[in-house]
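One structure is given below, encoded as structure tokens.
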């Protein structure tokens, strides 16, 4: 099968580079010193019966992290990053993810528990593996790389060739060519990427075959790794022979099931191999790869891209390896696996030749410049083995003292990195924090997640056959269409609440700046709030707590409000403290005191300097990707300073509280303090009633309350509603400035999927 001519003549180079990718990464859970734990798989990850992202491989201690299929490797790595961060932050404080493939700190065999799965057949299969291979070999971890050619490419190639009549036969032979050539040249990938040079002597039943201080390239890929008995030989000459030989070994009892065949290439896309004859091979799984301990996720994006183009070259080349050449490739793999990592391989000339031809392919298919650089970098490693992963690893182990010590150091380092921005998912940092928090929780619980529109924060969540759509973290089908429209319009909100019998402050609405300013006399010396009719997140709001003192400030506040909307409200200011109630369904789940943006004087620094110092806090940022927002020093803040007789250059006295905003929104630099347990129950019930009046399932209700300990009475002096908000912020409740965290995203999930275990 010769396809490079078809690709070149029909300008299919770009389509040739497309495909689908998925990674499966195995890792041991360990203690701080690198010893494998004997604890059960953490219950926080839900049930392994259905979890699409977090599974266990052989043992309870052996995590398997699985990315969903993606069209771009960059997206595959985003998912791998997110799943890692979820796992790292969910593990017990004293547990870590071991970054090396070969196990260290092995417990006694009787302490190693096979994965305790719901399906008895899955447990029985693992118990069978124990009898055949022993437990220690099963504790080896690695990376499985799943790759599917673009179905459009396969269709185009089939139409443009004249050798095959059957599309299934063509597809099978295309993938089989990739598999056979991969097995022939797999030693190249092992030489460059192997990372299992040693293992503790306890791993071996009959003593270590390694001399003291001896290092090799890959124990995992050697006869001492996770391999079948040499007697078991499955033919790759054709799909028919592959199926027949695999079924033969199962029928004779040499393999308990087809999945026990541990080839470095596995044909995928069917439950039974025989199905390939009618439905075709759908993708390949490459199982060769050791964990790269120098990469936080066990593999680098550059190496994943190299593997991709290497796999493409396996079908680009005109030659197709036969079974004899496949066996030669296996023998060469075993030989290279036992070479010293700092010595040149005996087959360097062949390796260099293959990569030079690979570079030629990249040129002909119009590959990105980055791919040329990646391959050229690999090419240099044939003359300098110290640059290979195994070469680097040997030196790192010698420096650390042992593989276990190195693994422990890196495990602690990688866990610390996962907590640097503990409130965010680094790969989806462009999404708002509430959506990131929801993503964290659904991935943790095992709900299948599809990001429909990243910029619009739109998710599709699936549990079994149950599908829910979520926008902005808590906007769902449980809300009526009209409810956000009511809450968006502050005038309508007040009228609806007033009709429902809730206390609302009196207000006057204006549609022109001139008329509003001309009404100054109505509000002189009155404490008022000036705000746009339709707003959220505190935009355009000015509060005169001490009363309107002059026309100029009044006009300025109106001007700011009119920038946000064509209609503005001037509302009576209610005396008391403002609290945000987060309501979901029939329950107030969280109550927050939002302290307006402020700084505290120290008799040394100016207001501007104090603001800059407070803004340095790691939780402060743009407010959408951080739990707290940096404090601004704009027109509204300077008006607030003026009310206090200050400017940005004033130096406040020690412990002097300087208010920079009167409104308490976190989105304008405020501080968040959880008050859920302190708030009297009567106000929580009021918030639920207000939410129902809005026709909402989820609502952020803002109440002014003079005394949160006293029960509510019908009077406006007891409490008043100033706003009801659709899509209320959750992050300020999840990560408050002070007080107890309320993980509201979990409540959203319970609302959407009440059947979830």
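Cβ coordinates are placed from backbone N, Cα and C, and glycine is handled just like the others.
Around residue 529 (ATP binding site), the same-chain residues six or more apart in sequence whose CB sits under 8 Å from its CB are 505, 541, 542, 543, 544, 569, 570, 571, 572, 573, 663, 722, listed in sequence order. If you look up Swiss-Prot, you'll see 521-580 marked as ATP binding site, on the strength of sequence analysis.
For 702, 723, the entry in Swiss-Prot reads Mg(2+) 1 binding site. For the recorded site, residue 723 (Mg(2+) 1 binding site), the DSSP three-state label reads strand. With a 10 A radius on its CB, residue 723 (Mg(2+) 1 binding site) counts 23 other CB atoms from all the protein chains.
The feature Mn(2+) 1 binding site is assigned by Swiss-Prot to 702, 723, with sequence analysis given as support.
Residues or ranges marked as Mg(2+) 2 binding site by Swiss-Prot: 723, 725.
Annotation comment: Swiss-Prot describes 723, 725 as Mn(2+) 2 binding site, evidence class sequence analysis.
Over the domain 'ATP-grasp' (494-753), the average per-residue pLDDT in this prediction is 93. Residues or ranges marked as domain 'ATP-grasp' in Swiss-Prot (evidence: sequence analysis): 494-753.
Annotated region 'Glutamate--cysteine ligase' per Swiss-Prot: 1-337, in sequence order.
Neighbour density at the Cβ, taken as the number of other Cβ atoms within 10 Å, is lowest among the binding-site residues 545, 577, 725 for 545. The binding-site residues near residue 725 (Mg(2+) 2 binding site), taking a 10 angstroms Cα-Cα threshold over the set 521, 553, 561, 577, 702, are 702.
One residue stands out among the binding-site residues 521, 569 for having the most other Cβ atoms within 10 Å of its Cβ: 569.
Every protein chain considered, the tally of other Cβ atoms within 10 Å of the Cβ of residue 553 (ATP binding site) stands at 15.
Compared over the binding-site residues 561, 702, the count of CB atoms lying within 10 A of a residue's CB peaks at 561.
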